[in-house]
């Protein structure tokens, strides 16, 4: 008998019909002899509707009250699914975040889980109940309701799986699993059978939007095996798990791209201690996340500094940087919104040299100029002209044999 | 500085516009130097919408899950009102039932309040907050969410007022207060300035649907002064409070009617010990509430037994009684659905004789036959033919001078 946590997103519980489908799948897992904990999101569209009501009142609603408002969405779905399971003859019981309890810090609307109580759920599972937990929400130690931020239900599911020492945390979504790259660009892209936490983190933060980054961090920290799979079929999906020796034999697991960044260069910056912090501090104060930063060696006491920011923050960032640039005596600011970040990810890189240079070579053969480079132990990212995005993804996917690897792992 | 509890029903918070109206009224009370606790219902229609979702799944949803579902309604309104007050510059904080805490027993969907914690709310009031509490809901001692049944928000408000020792509990509704009778029947009906708990209980349970009966019981038990008033104007409404000497000078405070009953008579019942219980036990088992029961003195070992039941239960009750009637050897069963109960209520009756006989005389002068009579210390009820309802109400209202009394109290 295994303990299985299943998480269903807003689309999967968007109507009564779909909730009944979820109930049938949950019931099947239970009937196969497993203990089941279900974690649910709100009905799709519901959270936006509630946010709309709040915006009618004021542009920037109070965080505490905002969490009270939006956490009603999951409360509706967990009670409806429980009723549904009961009407099918199963014992079922819903749990709100504060009932579990899922204890978080008090950072309303972006709270972090600090502790999860397992006693009440354990007792219900042992007495044959299917337990249905509200995702996305918790409560701080003073009993104030909190939410974990958009997509937080993934994190709830993994955290509950960790606390209850579940055998697997199944994340049901509208795709079959994690792919070697975006199948819309490369039709030969293949589903990855298993992937390490670190690779998944790189994939998630680099643009593959299957799993919330924080949920993967949580899974890694507590060693939770996450199974990303489709809610529309019974196919095996992708296992996100601890690195094993199989994984290391694969040089590159996936190719990702991100068109949502823009580039800003500050020219002829006086190369003095403290200059970088004077440049970036104003951006931090405006909550602008800077991604890649490149500083070349200086010539004659001056250097060029280039970095990327999200498109949404570009205009604000440019304005700020132009002011700072004058203040620190730089020569000027250049910018480019038409860039893309292309990355290759794989734990195999650690033990194999030449992966980065192969990437550079492949891009160069296609006449694609590399504007910036950034590397970690298990990934290489290049900034290129945005118009080459699809081409770059295709040739890299091909060059690292990802179509083949996929075929094997099917 | 007074402590005021204000309760607003579903219609008063049915749209964002109306919630903003409520906020202005609350703010005004606060600005006048009072501490304010607001108790809210769900937006009108919202609870029905949620119940509709549950009914799509099954006809008889589990009580525990039902309460989880329907208690989301107030959670939405309290957060929205708090945001609204904050956007106007006031400090405001919402409280769910379990956060107060409002501790109830575990009778889901019809829970009774056992205890209310006052510490957290008191601290917030003392630091200048307007406190916004979800009506209708609580939690049992195991943290399960519970609801108090339809109209339970009145009870929440009175209970919170009792726990916090508020100076007054204002119930805002769509009428100006409690009237001497139904103004649709008697245009001269006048608003009652003050009424005792016992009178209000009789009025409420006899058909004046202004306040939930349980909220009045609670108010009586804890001596909470309840002010029933309109949310559409600033007029003084009706104070429901402890009996005082003024009240005793009024013979009759109000005339009420109830057309929602039907009459069943069992003829020639053998007058033996235990017969009544054999007749009524089967009805109790079917959850049918029997209202008036009349048993005449017996003749030659037989008696006639007549009682009334709600219209909705009439068919079921009749069927059951016909079976029992045969079993106990009665002669037969007669029934009548076209009846009405007319009552006069007033604490003054205690110290004045002749009120009942005046009622009988007034009805008789109009040729209205009295079919059954039932009395308590402060009320007299008569069952009459339903077609005389309006006539009876008018002549009694006139005969006891209620139009005049109203004029004085305006």
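Note: Cβ is positioned from N, Cα and C throughout, glycine not excepted.
What TrEMBL says about this protein:
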{"type": "BINDING", "residues": "A:7, A:8, A:9, A:10, A:173, A:174, A:179, A:184, A:209, A:210", "note": "ATP binding site"}
{"type": "BINDING", "residues": "A:47, A:74", "note": "substrate binding site"}
{"type": "DOMAIN", "residues": "A:264-338", "note": "domain 'ACT'"}
{"type": "DOMAIN", "residues": "A:344-410", "note": "domain 'ACT'"}
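Shown here: features listed in TrEMBL, placed on the structure.
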residue: A:7; record: ATP binding site; Cβ neighbours (10 Å): 29
residue: A:9; record: ATP binding site; Cβ neighbours (10 Å): 21
residue: A:47; record: substrate binding site; Cβ neighbours (10 Å): 21
residue: A:74; record: substrate binding site; Cβ neighbours (10 Å): 32
residue: A:173; record: ATP binding site; Cβ neighbours (10 Å): 21
residue: A:179; record: ATP binding site; Cβ neighbours (10 Å): 21
residue: A:209; record: ATP binding site; Cβ neighbours (10 Å): 11
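The two recorded residues, residue A:7 (ATP binding site) and residue A:47 (substrate binding site), show a Cα separation of 17 Å. The distance from the Cα of residue A:179 (ATP binding site) to the Cα of residue A:47 (substrate binding site) comes to 29 Å.
Binding residues for ATP (A:7, A:8, A:9, A:10, A:173, A:174, A:179, A:184, A:209, A:210) extend across at most 26 Å, taking the greatest CA-CA distance. With helix defined as DSSP H, G or I and strand as E or B, the domain 'ACT' (A:344-410) counts 38 helix, 14 strand, 15 coil. The CA atom of residue A:74 (substrate binding site) is located 22 Å away from the CA atom of residue A:209 (ATP binding site). The DSSP secondary structure for residue A:179 (ATP binding site) is strand. Mean pLDDT of the predicted structure over the domain 'ACT' (A:264-338): 90. Secondary structure from DSSP puts residue A:74 (substrate binding site) in a helix. Taking CA atoms as the reference points, residue A:47 (substrate binding site) and residue A:173 (ATP binding site) are 18 Å apart. Applying DSSP to the domain 'ACT' (A:264-338) sorts its residues as follows: 28 helix, 25 strand, 22 coil. DSSP assigns residue A:173 (ATP binding site) to a strand in the three-state reduction.
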